[in-house]
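What TrEMBL says about this protein:
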- 50-88: domain 'RING-type' (DOMAIN)
- 150-202: region 'Disordered' (REGION)
- 158-173: compositional bias 'Basic and acidic residues' (COMPBIAS)
- 213-285: domain 'PDZ' (DOMAIN)
- 302-336: region 'Disordered' (REGION)
- 311-326: compositional bias 'Low complexity' (COMPBIAS)
- 327-336: compositional bias 'Polar residues' (COMPBIAS)
- 340-423: domain 'PDZ' (DOMAIN)
- 423-470: region 'Disordered' (REGION)
- 470-555: domain 'PDZ' (DOMAIN)
- 605-691: domain 'PDZ' (DOMAIN)
Amino acid sequence: MATTETKVASSGSAAGLSWARVCKECGQQHEGLDSHLYEYQDEVDDELVCHICLQPLLRPMDTPCGHTYCFHCLSNFLKEQDFCPVDRQRLQLHQCRPSSLLVRNLLDKLTVMCPHNAECQQQMQRCELQPHLHNRCPVFRRLREEAEKRKRPSWNELKGRKGDGETSEDAKHSATQSRNHARDQPGLINPAYEESEDDNTPLRSSLVAEANVVELFRDEPEEELGLRIVGGKDTPLGNIVIQEIVRDSLAARDGRLAPGDHILEVNDVSLALVPHARAITVLRQPALLRLTVMQEKGFKLRDQRSDHHLSTPATSTASQPSHSPHGNATSNHNPGTVLQVTLMKSQRTEPLGIKLIRKSDESGVFILDLLSGGLAAKDGKLRNNDKVLAINGHDLRHGTPESAAQIIQGSEVRVNFVVMRPAEAQEEGGSSRDGQHSRASRRAPEPQYFRRRSTYMKDPPGGFSSQEKTVSLKKEPRLSLGITIAGGRDCRSRLPVYITSVQPVGCLHRDGTIKRGDVLLSINGVDLTQLTYNEAVSVLKAQTAQSQVVLRVIQTLSEDSEDDTEAGSKEELDFMDDPRDDALNWTPLWTRWLGLPSHMHWCRDVVLQKTNNESWGFSIVGGYEESHGQQPFFIKTIVPGTPAHFDGRLKCGDEIVAVNGATTVGMNNSSLIPMLKLQKNKVTLTVVSWPGSLV
């Protein structure tokens, strides 16, 4: 047995601590990439101690030779060496595997003391320290409140005038970082960041953004992270941005990344000036990925009280249910009403009586049932099928029932919910005499897609184009073309029918003209551009039975062909959205779709609503620039706690085709900004959305 003790300068005292320097997981002060520090209260078995740092194991990893180390210690060691530290056998990180659940549970149950023990003498299991810090520790709470006060700008800063008072170093850094992140891109216009001049609306400070480091480890080298990526230096977005988190993926289980996060670095490699295809290659590195990401936390209100400082702005934005961004709207596009509900427990351990579930067709956490006689049922404000957006300031829009339960269990007597209630449930009082009708009313309406109108036509972004190819073949009727396809009018993003593989045994492979990723236009004069997947398969089979086949396709092109080729050997496999095919199917990179001609785009309308002068909650890049010419407008940022965020249909990388039916083609920034500002309570955005590249 070994007695393990962690010694930290100024341990147990709040003196010298600052919110910027304290670790948000272990509560100690250490460098961002160093291992977490804990004050263990009991002797720790030698089998649970890392042989590199001589501390109890953190994220234990087993080597093939039978030794166990902290993940962080081992990965740092193997950057310099290529052998096991104990027996010096040859070793690489991708050969190692996470330790068994039993070992991880034993480590999680080690008793530790709160690092701020001068004022907080609580002891707990190691796995409970982080919830304790964020929900119960008075020192941690005070540090956070002081940081919030420093971040809050003065009246002069809000009005854009020079302030006459000095700010702390942390506040200066936060304000500079937020402003630069919001405004440093050429052509970036920000309807999300416009301040209100209405005295009845609380003024907002600059957008709050934080740079964080997130480490992800693939158990298998080919395991997907579960991120869909858009952007790159070769696109109008510039930055690499997370468009979507794939459900039940490695990133979703980790829970720290979110749609809209900007990826700045991967394993110390900057992505600031990297084309899209190159960024995808970097993100597909095996084993450990250390991502430096810029995460936007939303706005802070000028008149926000010190006792109402929830870390996620969703709660404060929806703090008045009757004035929610979507309240009482009658549009068919209205996803529902955002409400805030506060439950008060008589004691910390009292259960709320809520059953939470996840749905197969939608990400997030939903209320399945309220237990009869429970606290939530007695309160009466929460209802079955409410979608939980946040609990105590923790964003759960892409969360899991397990993470929601952990937040509730770690909370004090006050539990704040922000939920979205479907519009039908709001009107019907959450009940229906017909069970079938009730289930149908809970299902979100299918988006209505339509072809891009002639007035919305435009050229592809600079650097992207397409070319049409025609192949005429004479063949034996029984001989296959040798291609597989995906897409179709019935797939989630309304992708055109495209080729996923050209088999070596088919006649098209011998011809060599048709490539993977080509979009099918017609076969023997039969149009394929408006068919569903099954319809396209049927037409191809019927026409292939003929002795002569004329196939027309479109190939999209990019000026960054070298980078595209570099990524091509590793381009992703992806499960198709439609369950019709259980096989793995290749999908093109996001940039492949940018060169597609406008007449092949499927558009949809997204209606956003609000009842005051708050921002719509998204920023846009693009428009006419002298250096780049005419570029389409793309959504670059969606701000947490705003109408665009709560609506959930807009995604980073979406192209804005029109605003209230008026085309954006040919507009510059000075034309589009006033158009968006003039929309006080409702705006209809016509958008084209392409799925991001999967990594």
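The backbone N, Cα and C atoms fix where each Cβ goes, and this holds for glycine too.
Count of Cβ pairs under 8 Å against the domain 'PDZ' (605-691): among 50-88, 213-285, 340-423, 470-555, the largest is for 213-285. DSSP places the residues of the domain 'PDZ' (213-285) in helix, strand and coil in these numbers: 13 helix, 23 strand, 37 coil. Averaged across the domain 'PDZ' (605-691), the predicted model reaches a pLDDT of 83.
Counting residues per DSSP class in helix, strand and coil order gives 17 helix, 29 strand, 40 coil for the domain 'PDZ' (470-555). Using DSSP to sort the residues of the domain 'PDZ' (340-423) gives these counts of helix, strand and coil: 15 helix, 30 strand, 39 coil.
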